[in-house]
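*Asks:* Per Swiss-Prot, the features are:
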SIGNAL    1-24  signal peptide
DOMAIN    37-115  domain 'Inhibitor I9'
DOMAIN    122-600  domain 'Peptidase S8'
ACT_SITE  Asp147  active site, charge relay system
ACT_SITE  His206  active site, charge relay system
DOMAIN    365-454  domain 'PA'
CARBOHYD  Asn376  N-linked glycosylation site
CARBOHYD  Asn380  N-linked glycosylation site
CARBOHYD  Asn405  N-linked glycosylation site
ACT_SITE  Ser533  active site, charge relay system
CARBOHYD  Asn675  N-linked glycosylation site
CARBOHYD  Asn722  N-linked glycosylation site
Amino acid sequence: MMKMELRLLVSLIFILCSISMLAAEENLEHDQINLMTYIVHVKKSENVASHQSEDLHSWYHSFLPQTFPHKERMVFSYRKVASGFAVKLTPEEAKSLQEKGEIVSARPERTLELHTTHTPTFLGLKQGQGLWSDDNLGKGVIIGIIDTGIFPLHPSFNDEGMPPPPAKWKGHCEFTGGQVCNNKLIGARNLVKSAIQEPPFENFFHGTHTAAEAAGRFIEDASVFGNAKGVAAGMAPNAHLAIYKVCNDKIGCTESAILAAMDIAIEDGVDVLSLSLGLGSLPFFEDPIAIGAFAATQNGVFVSCSAANSGPGYSTLSNEAPWILTVGASTIDRKIVASAKLGNGEEYEGETLFQPKDFSQQLLPLVYPGSFGYGNQTQNQSLCLPGSLKNIDLSGKVVLCDVGNVSSIVKGQEVLNSGGIAMILANSEALGFSTFAIAHVLPAVEVSYAAGLTIKSYIKSTYNPTATLIFKGTIIGDSLAPSVVYFSSRGPSQESPGILKPDIIGPGVNILAAWAVSVDNKIPAFDIVSGTSMSCPHLSGIAALIKSSHPDWSPAAIKSAIMTTANTLNLGGIPILDQRLFPADIFATGAGHVNPVKANDPGLVYDIEPEDYVPYLCGLGYSDKEIEVIVQWKVKCSNVKSIPEAQLNYPSFSILLGSDSQYYTRTLTNVGFANSTYKVELEVPLALGMSVNPSEITFTEVNEKVSFSVEFIPQIKENRRNHTFGQGSLTWVSDRHAVRIPISVIFK
């Protein structure tokens, strides 16, 4: 009897232990499911600020429980870009951590979005001259590309004739075997955390393209499907490249990886950082790129970022911090042209990358599927969405499809599946006259919104409408270039409307550069892509050229040089236009279109030291703790004379004007000739008066600084009727230089 009771007791204990273990495992699994990566900012301690990375790592670990699985949960420890770390926590653990006095903040990380031959000539860069002379071409400068990795074997990254990297370079290469890294591609790191850590090979194709745009070598006979044929080169062909992979196709681009990449890049010794990604408008103390870029600026590193592809609406920007160069996108004067010719003889030009040589010029039946549907199906058919055309006989016909909802490639496949033999893509009103060279799956052309309306009217009013496509190949010399493309994000900045953004526009439409996989069965592979992702590395490369010429210039001085020398007219000599062919406003263009040749010799610059941003940040109303997250030193705004945004020594003015006058100062640094005199020229915004004192300034030595003041005086309110903002400029003119800054005024 006792033995039986003992067996029952043992069995009961075993069952209870098993239940307990199962419950523990279930809780563990539940915790694992609830784990999220948190970005943790810690109050900076002077005792550990100068410690080695290992000591810093141990200090960060001290904030976590002793029983905590540090090795499995700690993601990154930051040294340069932040006082803090990234760690996997449950919400409960994060809440407990935030209760510690030394913790400034702990918040879940977010995922950032990517902003996705002829351009050097278009920008005035010529081999053997100026910035492209043999002793420049970006020589000695290191550009860090924070992106999706790279295809390192592309000839755009060969190192023939290149010297070793500068002695300051501390980075390393995670590619193994052979000569993958070289004197061109000097470093490559993968910051994407995964179960199996892999080398930083490209998996989106984005990073290879952006790296080549910034600093690709000269490659002859580059083209895509035989189009845009010529010598491909980045902006700074002799600059060194360091690659930091932060994105993959499974988890996107995490902010913990981006902060880690910026942290490592600064430590490695890069001179320029290029980031073609962003998060939208955020407080700067929550924006990983703004935080990392401030640390970069403190260390003399220039940071260039894409403005985003969320235009053409106002206040759609990413990367708004004033210590970042925010880059919008413009067209170039090269187009890959085709036209839609109608049965009435009218012809409407557009673009396509697919240029068949043998397409018949015979007029074919032309249909608009949106004419056949009912209710919601009408819109689906007008957009040529997948499956929407299966009940329509399109055999042997040219099909008109509206742009939108799905890619043009998908629309083309639907047309093909339904028997269509050619496609005309009609832009939406938002796209206007912006067209793109795309490798369609059938003969096709994208035409403007206005052309699309006319073609629809022709179809509706004609008994048997007909059309054909005429393919014209690559045409150079569009007098309307540069123009602002529809997708380029616009200002004003949401987070800091007193700083004009974007800063600049640069080439971002139909850009040919290196690609990881051939799209036309030709090796080496190139592709043509559009986006502010493309305009950003153009400016990164141009910054590298300027840095090579002027190694002692600060990031703010380089930015000023780029902005104050920008073009405001297109090749036809009229103001730069937008996608509607209306004059582009200041919130689309910023200072204007980059002119690298002039930027190398600006005459004067508006310089800013890192500490100058603290009064500005206090003026934004940020708390001391929030500012400390950005600047990484102790701040007390009560002891700082805060300034309004427009008082920052920025190479533009953006003011919100009511009924009272506003008064600001700026300081100029002479980087031109020692003895020079400048006089002010004003383009005064609508309904405004302006006074500049002094109106003439004289310099007697290089690096001399002179200040001036500007008063903005509101005029009669009736003059503002039907206007929400005005724009103008202030230019200091000498016999050799014109140093222009744009002015935006929002009326309240």
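Glycine is no exception: its Cβ is also placed from the backbone N, Cα and C atoms.
Can you tell me where each of these features sits in this structure?
*Replies:* Reduced to three states, the DSSP call for Asp147 (active site, charge relay system) is strand. Long-range Cβ neighbours of Asp147 (active site, charge relay system) (same chain, at least 6 residues apart, Cβ-Cβ under 8 Å): Leu114, His206, Gly207, Thr210, Ala211, Ile243, Tyr244, Lys245, Val246, Cys247, Ser274, Leu275, Ser276, Leu277.
In three-state terms derived from DSSP, His206 (active site, charge relay system) belongs to a helical segment.
A helical conformation is recorded for Asn380 (N-linked glycosylation site) in the three-state DSSP classification.
Under DSSP, Asn405 (N-linked glycosylation site) is assigned to coil, being neither helix nor strand in the three-state scheme. Around Asn405 (N-linked glycosylation site), the C-beta neighbours below 8 angstroms that are at least 6 residues distant in the chain are Leu383, Leu385.
In three-state terms derived from DSSP, Ser533 (active site, charge relay system) belongs to a helical segment. Taking all protein chains in view, 30 other C-beta atoms sit within 10 angstroms of the C-beta of Ser533 (active site, charge relay system).
Reduced to three states, the DSSP call for Asn675 (N-linked glycosylation site) is coil. The number of other Cβ atoms within 10 Å of the Cβ belonging to Asn675 (N-linked glycosylation site), over all protein chains shown, comes to 11.
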*Asks:* Have a look around His206 (active site, charge relay system) and count the other CB atoms within 10 A of its CB, chains all included.
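*Replies:* His206 (active site, charge relay system) is surrounded by 26 other Cβ atoms within 10 Å.
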*Asks:* Can you give the mean pLDDT for the domain 'PA' (365-454), rounded to a whole number?
*Replies:* 91
*Asks:* Just give the helix, strand and coil counts over the domain 'PA' (365-454), going by DSSP.
*Replies:* 26 helix, 19 strand, 45 coil
*Asks:* Round to a whole number and give the Cα-to-Cα distance in Å for the pair Ser533 (active site, charge relay system) and Asn380 (N-linked glycosylation site).
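*Replies:* Counting only the Cα atoms, the answer is 30 Å.
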*Asks:* Round to the nearest Å and give the CA-to-CA distance linking Asn380 (N-linked glycosylation site) with Asn675 (N-linked glycosylation site).
*Replies:* 67
*Asks:* Among all the protein chains here, how many other CB atoms are within 10 A of the CB of Asn380 (N-linked glycosylation site)?
*Replies:* 18
